[in-house]
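The structure appears below as structure tokens.
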Amino acid sequence: MGISKPLPLFSILVLYFSLYTITPTSSLASLQDQFINCVQRNTHVYFPLEKTFFAPTKNVSMFSQVLESTAQNLRFLKKSMPKPGFIFSPIHESHVQASIICSKKLRMHLRVRSGGHDYEGLSYVSQIDKPFILMDLSKMRQVNINIQDNSAWVQSGATVGELYYRIAEKSKVHGFPAGLCSSLGIGGHITGGAYGSMMRKYGLGADNVLDAKIVDANGKLLDRAAMGEDTFWAIRGGAGGSFGIILAWKIKLVPVPKTVTVFTVTKTLQQDVGNKIISKWQRVADKLVEELFIRVLFNVAGTGGNKTVTTSYNALFLGGKGTLMNVMKKSFPELGLTFKDCIEMSWLESIAYISGFPTHTPTNVLLQGKSPFPKVSFKAKSDFVKTPIPESGLQGIFKKLLKEDIPLMIWNPYGGMMAKIPESQIPFPHRKGVLFKVQYVTSWLDSDKRPSRHINWIRDLYSYMTPYVSSNPREAYVNYRDLDLGRNTKDVKTCIKQAQVWGANYFKNNFNRLMMIKAKVDPENFFRHEQSIPPMM
């Protein structure tokens with residue numbers, strides 16, 4: 001594609017001479033009008049205001065509806081949380097370019113949202129820059145599949161569920177190895193790595209990106225050739241909101257069989273005597289055939305004295321159940337899997353199943369962009385385990401889980417292709433040596449009067465896990481944002497010092513390279529948030 005046509009020289013001159021004409025005392029309503037006028041002057045493609053621009057001063061109910069539409073964590077929709085001054089939903093690439101020019105001109109901070117799954121709400125809440133504009137990419141969701149060359153272009157506003165559905169429309173033997181949650185926005189999802197149930201066979205979504213279209217801090221539209229290999233490296237796992245606005249990804253499609261097999265086998269503590277099943281899983285999950293992905297979900301069931309921890313072994317096998325049973329009998333007989341437990345289906349049907357929809361749910365549910373679970377307030381954290389957790393450690397985990405109202409812990413197996421890809425291939429470094437990734441989640445309803453107790457609980461569990469997880473650094477998954485690890489301030493020098501800590505957690509030795517690339521492509525730190533990559537100074 002190369003570099004798109006540059007914006008008119010007049011627009012650049014307007015930007016230059018007007019940088020100092022907007023005063024901090026300008027009213028928000030005035031800024032809204034100026035932003036609209038500026039975008040209209042800097043794009044050749046018309047946009048209907050009633051469908052693309054939403055402000056509390058214009059229509060409060062519509063503004064709230066759009067703001068809440070894809071915000072996944074209700075914790076960040078509370079009245080006490082900062083709200084954008086207004087929301088702009090572009091429908092064309094040039095609108096994104098113009099928005100960058102105009103937000104710079106008006107000295108307004110910009111946040112960008114594709115699917116709204118940021119665990120700390122950073123794609124739609126700013127606590128360090130106010131006022132701010134929310135650019136919502138949900139109207140840019142085209143998916144173009146090319147089966148002949150095993151590729152697809154997908155715009156950032158599309159969900160992974162939409163992408164999977166459109167692939168299956170064209171072919172029953174092609175897929176893409178990205179997220180387990182079908183409502184994830186593909187734009188931000190891939191920037192953090194994008195793991196899914198085929199990661200052991202094909203790696204991450206970010207490992208299977210061929211090209212991208214981004215708009216940089218100068219409002220230029222770039223593809224891989226134009227942005228250069230450093231920037232292309234950075235955006236595939238270096239997390240969103242740092243290097244530019246991702247408009248679209250070109251992805252590599254991977255082969256899948258016509259028939260796959262899924263199962264979910266749930267055990268209580270009483271059924272797993274001596275923790276033999278979970279202990280065996282720790283020893284074999286990363287060593288099983290690459291076609292088999294078995295994750296474990298820890299929940300709490302029952303009440304009062306009957307309360308217990310359950311472990312659900314939730315799996316996808318790229319093949320039929322006969323072959324799967326042979327693998328399980330040989331490698332993991334302790335689970336006691338039976339033919340009755342196994343369900344054969346298409347790869348697309350398995351997406352809905354793994355996402356949490358009931359078996360036999362029509363696959364067009366994936367086009368709705370919604371989770372099968374109700375929205376709640378939640379806090380999450382992550383870890384990586386490199387040696388099996390001993391019996392004593394497991395007992396302590398179970399005791400912690402039984403103390404919380406709605407706890408969830410998920411163990412996702414690594415190994416396979418994940419162990420073959422070098423740590424520096426893309427910014428995502430969690431590769432060889434990782435047995436499994438841990439996700440901790442606690443959630444609560446809005447009616448809960450003491451949300452702080454849930455956050456204290458998860459921090460206590462995280463502290464308890466210290467001896468059993470990676471160290472120096474204690475690794476974390478950037479798509480499970482955790483501001484407990486640290487956050488940026490407006491002072492760039494202070495930012496860099498603080499960022500070295502959480503940067504090592506997320507990116508290990510890749511963090512310095514990310515900061516150097518940031519300094520080259522966005523030295524003024526236009527794209528920033530509480531955990532964005534700061535420019536190296």
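Counting begins at 1 with the first residue displayed.
Glycine is treated like the rest: Cβ placed from N, Cα and C.
Annotated in Swiss-Prot:
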DISULFID  Cys38-Cys102  disulfide bond
DOMAIN    80-256  domain 'FAD-binding PCMH-type'
CARBOHYD  Asn59  N-linked glycosylation site
CARBOHYD  Asn306  N-linked glycosylation site
SIGNAL    1-27  signal peptide
TODO: Other Cβ atoms within 10 Å is the metric here; tell me which of the disulfide-bonded residues Cys38, Cys102 scores highest.
DONE: Cys102
- [ ] May I ask for the distance between Asn59 (N-linked glycosylation site) and Cys38 (disulfide bond), taken between their Cα atoms and rounded to an integer number of Å?
- [x] 21
Task: Per-region confidence, the domain 'FAD-binding PCMH-type' (80-256) (mean pLDDT, whole number) - done: 97
TODO: May I ask for the distance between Asn306 (N-linked glycosylation site) and Cys38 (disulfide bond), taken between their Cα atoms and rounded to an integer number of Å?
DONE: 63
Task: Sparsest-packed among the glycosylation sites, when each Cβ's other Cβ atoms within 10 Å are tallied, from Asn59, Asn306 - done: Asn306
Task: Assigned conformation of Asn59 (N-linked glycosylation site) - DSSP reduced to three states - done: coil
TODO: Give the three-state DSSP assignment (helix, strand or coil) for Asn306 (N-linked glycosylation site).
DONE: helix
